[in-house]
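Listed in TrEMBL for this protein:
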| type | residues | note |
| --- | --- | --- |
| BINDING | ASN49, GLY50, GLY51, GLU62, ASN91, ASP92, SER117, THR118, SER119, SER122, GLN169 | substrate binding site |
| BINDING | HIS58, GLU62, GLN169, HIS177 | Zn(2+) binding site |
| DOMAIN | 34-190 | domain 'SIS' |
Amino acid sequence: MNIETIESIFNDHEKVLQKSRTLFPVILDMADICRRALAEGHKILICGNGGSAADAQHIAAEFVGRFHNERVSLPSIALTTDTSILTAVANDYSYDRVFARQVEGLGNKGDVLWGISTSGNSRNVNEALKTARQKGLVTIGSTGKTGGDMVSLCDRVLVVPDDVTARIQEIHMLSAHIICQLIDDLEWKQ
Ligand SMILES: O=C(CO)[C@@H](O)[C@H](O)[C@H](O)[C@H](O)COP(=O)(O)O
Ligand SMILES: [Zn+2]
């Protein structure tokens with residue numbers, strides 16, 4: 001355990017942050033997709049595994065609670081939080097269906113499904129994106145590495161140009177906070 005490790009991770013983070021400046025247009029488009037859906041009375045469903053499950057919950061909380069400004073609550077559901085649903089669907093169907101099944105039950109045409117996966121190859125996230133498309137939801141994704149199978153399942157996708165899961169997740173949450181800020185800056189009627 002030493003200071004050099006900390007410095008090296010800070011340096012890696014800075015490099016990924018610099019490379020990720022190419023993502024500005026995608027971040028803007030993802031914010032606009034969310035804005036349009038919310039303005040038309042639709043909701044944002046979000047899913048991911050592990051750290052990305054935590055990100056899904058974090059983002060949904062920014063929409064439903066508040067980010068920075070005082071505004072109306074904006075409808076968003078993290079599909080990662082209900083342990084009864086998650087365990088029942090994993091037990092009775094398979095873990096690959098835990099998010100897709102919730103999209104079947106909760107998703108409506110015009111809603112947004114936001115999948116988060118650093119590899120882009122988490123089967124449960126990609127199954128949810130497929131189901132979302134079948135039901136007429138708009139699909140967006142946050143990924144990294146090669147983007148995996150997720151890329152072809154999303155209407156707009158943010159691929160962090162790096163291979164390290166933790167560094168990718170850091171840019172995912174930075175871009176999610178920027179999307180929340182862009183949405184917060186709009187006029188929402190009380
Ligand atoms: O948070 C981390 C690593 O930083 C882990 O919990 C990580 O999210 C898990 O290994 C996930 O299962 C990885 O899945 P994915 O990002 O490839 O979809
Ligand atoms: Zn982590």
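Note: Cβ is positioned from N, Cα and C throughout, glycine not excepted.
Please treat TrEMBL annotations as automatic predictions, because they have not gone through curation.
Keep in mind the model is a prediction, meaning the values are calculated, not measured.
Each of the binding-site residues ASN49, ASN91, SER117, GLN169 was assessed for Cβ neighbours inside 10 Å, and the highest tally belongs to SER117.
Listed in sequence order, THR165, ALA166, GLN169 are the same-chain residues at least 6 apart in sequence whose CB falls under 8 Å from the CB of GLY51 (substrate binding site).
Within 10 Å of the Cβ of GLU62 (Zn(2+) binding site) there are 20 other Cβ atoms, across all protein chains.
Over the domain 'SIS' (34-190), the average per-residue pLDDT in this prediction is 97. A separation of roughly 25 Å, to the nearest angstrom, links the Cα atoms of SER119 (substrate binding site) and GLU62 (Zn(2+) binding site).
Annotation for HIS58 (Zn(2+) binding site): spatial neighbours MET173, ALA176, criterion Cβ-Cβ under 8 Å with sequence separation of six or more.
A Cβ distance below 6 Å to any atom of ligand 2 is met, among the binding-site residues GLY51, HIS58, ASN91, SER117, SER119, HIS177, by GLY51. Taken in sequence order, the binding-site residues ASN49, GLY51, ASN91, SER117, SER119 that lie near ligand 1, meaning a CB under 6 Å from one of its atoms, are ASN49, GLY51, SER117, SER119.
When the alpha carbons of SER117 (substrate binding site) and HIS177 (Zn(2+) binding site) are compared, the span between them is 17 angstrom. Cβ environment of HIS177 (Zn(2+) binding site): GLU62, PHE67 lie under 8 Å away, each six or more residues apart in the same chain. Under DSSP, GLY51 (substrate binding site) is assigned to a helix (H, G or I) in the three-state scheme.
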